[in-house]
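Comments concern the structure below.
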Amino acid sequence: NLLQFENMIRNVAGRSGIWWYSDYGCYCGKGGHGRPQDASDRCCFVHDCCYGKVNGCNPKKAVYIYSLENGDIVCGGDDPCRKEVCECDKAAAICFRDNKDTYDNKYWNIPSENCQEESEPC
């Protein structure tokens with residue numbers, strides 16, 4: 001669920017997902033359309049695509065099981081849908097961490113007109 005995703009981002013990327021990514025680029029926070037503005041926004045685009053492939057549960061509400069082992073996130077549990085959501089969140093948290101240096105405040109709260117291009121396929 002979104003609270004677990006927030007905690008995962010904090011654990012992996014060392015920053016708040018709500019503060020840094022809730023309204024960033026064309027894909028972070030709000031649905032999404034257009035071209036990802038940078039690598040951090042692309043993390044959100046890929047995360048949206050990942051959620052779109054999940055079947056059997058609501059990715060934003062599904063409560064999953066994960067642990068932090070030697071700094072790595074390990075998704076667990078027997079429910080394949082919840083585990084898939086966990087893997088989507090894990091990949092995004094790692095992507096945010098790996099692209100912290102590309103984050104640019106100019107993409108925070110950008111006008112929707114900047115996101116009018118046709119979206120690329122997942």
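Backbone N, Cα and C atoms are what each Cβ position is placed from, and that goes for glycine too.
The feature active site is assigned by Swiss-Prot to His47, Asp89. Summarising the annotation, Swiss-Prot assigns Ca(2+) binding site to Tyr27, Gly29, Gly31, Asp48 and lists similarity to another entry as the type of evidence. What Swiss-Prot records for Cys26-Cys115, Cys28-Cys44, Cys43-Cys95, Cys49-Cys122, Cys50-Cys88, Cys57-Cys81, Cys75-Cys86 is disulfide bond.
Taking only the Cα positions, the spacing between His47 (active site) and Cys88 (disulfide bond) is 6 angstrom. Between the listed recorded positions, namely Asp48, Asp89, the fewest other CB atoms within 10 angstroms of a CB are found at Asp48. Those residues of the chain, other than Tyr27, Gly29, Gly31, Asp48, with a C-beta within 8 angstroms of the mean position of the Ca(2+) site C-beta atoms are Cys26, Cys28, Lys30, Gly32, Cys44, Phe45, His47. Long-range Cβ proximity for Cys26 (disulfide bond), meaning a same-chain Cβ under 8 A and a gap of 6 or more residues, is found for Gly32, His33, Gly34, Arg35, Pro36, Gln37, Asp41, Phe45, Ile110, Asn114, Cys115. According to DSSP, Cys122 (disulfide bond) is assigned to coil rather than to any helix or strand.
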